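Let me begin by presenting the structure, written as structure tokens, before commenting on it.
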Protein chains: 2
Amino acid sequence: MEFITGLKQQEEAELEDLLKAEEGTTIILEGAVHSIRDMGEIAFVILRKREGLIQTVWEEGKTDMELSEIREGDYIHVTGQIKDEERAPHGKEVRLSTIRHLSHVSCPLPLPIDKWKLNTSLEAKLDRRSLSLRNIRERARFRIQEGIVRGFRDFLYEQGFTEIHTPKIGAKSAEGGANMFRLSYFHRPAVLQQSPQLYKQMMVGVFDRVFETGPVFRAEKHNTRRHLNEYTSLDFEMGYIHSFLDICAMETGFLQYTMNLLEKEYSKELKLLNITLPDVEKIPYVRFDEAKRLVSEKYNRKIRNPFDLEPEEEELIGKYFKEEYNADFVFVTHYPSKKRPFYAMDDPEDTRYTLSFDLLYHGLEITTGGQRIHDLSMLEEKIQEKGMTEEGLEQYLDAFRFGMPPHGGLGIGLERLTMQLLGEDNVREACLFPRDMSRLEP
Amino acid sequence: MEFITGLKQQEEAELEDLLKAEEGTTIILEGAVHSIRDMGEIAFVILRKREGLIQTVWEEGKTDMELSEIREGDYIHVTGQIKDEERAPHGKEVRLSTIRHLSHVSCPLPLPIDKWKLNTSLEAKLDRRSLSLRNIRERARFRIQEGIVRGFRDFLYEQGFTEIHTPKIGAKSAEGGANMFRLSYFHRPAVLQQSPQLYKQMMVGVFDRVFETGPVFRAEKHNTRRHLNEYTSLDFEMGYIHSFLDICAMETGFLQYTMNLLEKEYSKELKLLNITLPDVEKIPYVRFDEAKRLVSEKYNRKIRNPFDLEPEEEELIGKYFKEEYNADFVFVTHYPSKKRPFYAMDDPEDTRYTLSFDLLYHGLEITTGGQRIHDLSMLEEKIQEKGMTEEGLEQYLDAFRFGMPPHGGLGIGLERLTMQLLGEDNVREACLFPRDMSRLEP
């Protein structure tokens, strides 16, 4: 009988092996032909690997394959000798002796992915997603995105949170309303979850602190630069809080942890994209009504509706706190009860407002969170007040019936946070395969 | 202006603080009243916290609240003095001086969650999910599940994989067929993804190695102990492989890494559940046809269909390899082409079979994987052979048009892997909120 015993050392070098190896060493590499610069008797054949680009040099009479046989987009296996060369990326190049094809491209590439900046419209990039992301700056964005999710999870593991996986198909969803995708589930009406809200609250009674990173679905008829109809939500919920400010503190801790992680582990990508990380040492917080007043005064803007925040007002709040406090983020607290779902805890000092908050990053909402109601009768009252029915909420209410600690939590839109960190102005730039009102493919 | 500066030291102790503190220290605790044992002048009030149970002692005349005011299920804030007591969990108890309520339970708990074994039917446990999981052995299962997902990600990060997030709503899905949930997406027909297969392959051309952990949806009309209609899939896909055995090696590496992680970080839960981790040092592999022959001979079972594997045959293969090699896992390789999707690479030596595999764990399939076709014309041919159309696959095929390395990957059913590790006989025991043909709630 034969056995698999785990990973074995591979013959082919990765970028880090190349960097460690000495001049003169023979090396085996595999990669995609990212670009070819033909100089006559020699040619630079740039290989693309997951960790970056490697300069290899084809030499007439020394390399065993004709240059004309290689095309941009081919995948090849090569051997060659390492030579120090300060003009090459990483200061090293590989003089090729042999080339063998792993696969052949079928046609010339329709996008210039080897350019530093892929000057292509967003639409064209999204239509050719499997090609446009081969540009090393385009793909670097999603490495940064990985770092954000990783930071979220690792920080919360450290803080005693348990990761959960909750169903996306359900009989009922957290927010209700018209913004739900509906489907038939074995002949029963079902919806896609707008948020794991009800599930994560139920799990606070079990694990005290929980988080989930997963897709959420919003059938919103908004076609803006800020909206996606399916996005990745970073959610947590925690028990035994004293105030909704404990949630803000946990989010600030996450941001601090994550910026550190990005700096340490994703510096290559930050450099490629020329990103300066935001300052998250301290984040100001301001009441909703106060924030409205501040920007209305400073920017001479009339308050049209005291209980609503328009996108332009959000932008101005961002501007205000950047100008006055050099702050990249600001917590806007005490949102009006009318604008918050039934599970939000009202401020006992003024029940027109809630103990909840949004986090704005450069004037864009990236998080909604707050303290939740943990008392059964208060919750039942609120459900009635909002004109809702308890139907379908029985098992959610059970959690409160059998005891719940004071708790709260939040949901962070991963693509929005990534977009703001990257300084992009369309959230689709921060999503591998965006879903919007007109885009269902690829 | 006020600022949030991150996490602050909390006043209330966690279990680890209690363990570190000396006898006589005054401590503040918050927790759920898990059980009350009234002994007359004293009573044991067991608090449930995320890290375990803590024994506190109510004493007549010394504790500032009447015992009758506390009920199982209440959440309380207490202060007390630590006393060494070898009969208490962790060898310490807390003699209570003050008790204050954080919240009140509304009724007696309908399930005896403080029992060591919750002797309740699976149906009842699922119907009362937010309560049944408060049993510490019930919840421990999902801590183990967390460890598995964490091991998967951490191992793959180390191996140079990039984490991706792909859409769950699409125009087309990987496997096609009747097993798709259908919905209307802004008046266009759409489906829920059965697997991230097509997306992760597209991303191999970008990142070389990718993984995703997320929900997948299968509208299969199976109501068995092994099937869920929504489950969490651990998927990876990697380029530059030499053989499908490289995928098996990567999976073995993941299992080795994860068993180590569980042993180190989840030992408390393993002990609670009395789990012995499986041996994953080496995993045998055997051809599909050979495996069928072996069990047919040993267990005197006629081979009815040489191109299909029945669930009982899978169980017997598990039994065979346990008996003959003391193996908990076995890779069954070279599945018939008819049984594999269009993207599977046929074995060039016998195209009736593919370069693919399933991993069985104690006789249950927990993984399907293999080498994929990376050549455009071979893929187009296969699509035709299978009687499919290229419609909706244009952007998937683009990835191959513009060059792809030899590659392969796999998908692991998280709940099935958890179920086998726990030694459970129903996959619903390993899912927080299972979705099956009859269950859409909670």
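Residue 1 is the first one shown; counting continues down the chain.
Note that Cβ sites are derived from N, Cα and C of the backbone, with glycine treated the same way.
Keep in mind that TrEMBL annotations are predicted by a computer and have not been checked by a curator.
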Where TrEMBL shows A:Glu175, A:Thr368, A:Arg372 binding L-aspartate, which of A:Arg129, A:Arg134, A:Arg218 is named for the same site?
A:Arg218
Check TrEMBL for me: it has A:Arg218, A:Ala219, A:Glu220, A:Arg226, A:His227, A:Leu228, A:Gly413, A:Leu414, A:Glu415, A:Arg416 binding ATP, so pick out which one of A:Glu163, A:Glu281, A:Glu365 it puts in that same site.
A:Glu365
What range among A:57-60, A:197-200, A:317-320, A:417-420 does TrEMBL describe as region 'Aspartate'?
A:197-200
A:Pro89 (site 'Important for tRNA non-discrimination') to A:Arg372 (L-aspartate binding site) - Cα separation in whole Å:
53
Need the DSSP three-state call for A:Glu365 (ATP binding site) to compare against my parser.
strand
Only counting partners 6 or more residues apart, tell me which same-chain residues put their Cβ under 8 Å from the Cβ of A:Arg416 (ATP binding site).
A:Arg226, A:Tyr231, A:Tyr361, A:Leu364, A:Glu365, A:Ile366, A:Val427, A:Ala430
Whole-number Å only: compute the distance from the Cα of A:Glu175 (L-aspartate binding site) to the Cα of A:His227 (ATP binding site).
17
Just to be sure I understand the packing, how many Cβ atoms besides its own are within 10 Å of the Cβ of A:Leu414 (ATP binding site)?
22
Across all the protein chains here, work out how many other Cβ atoms are within 10 Å of the Cβ of A:Thr368 (L-aspartate binding site).
18
On average, what pLDDT score does this prediction assign to the domain 'Aminoacyl-transfer RNA synthetases class-II family profile' (A:142-442)?
96
For the region 'Aspartate' (A:197-200), the number of residues DSSP places in helix, strand and coil:
4 helix, 0 strand, 0 coil
So what sits near A:Glu220 (ATP binding site) in its own chain, CB-to-CB under 8 Å and at least six residues off in sequence?
A:Asn179, A:His227, A:Asn229
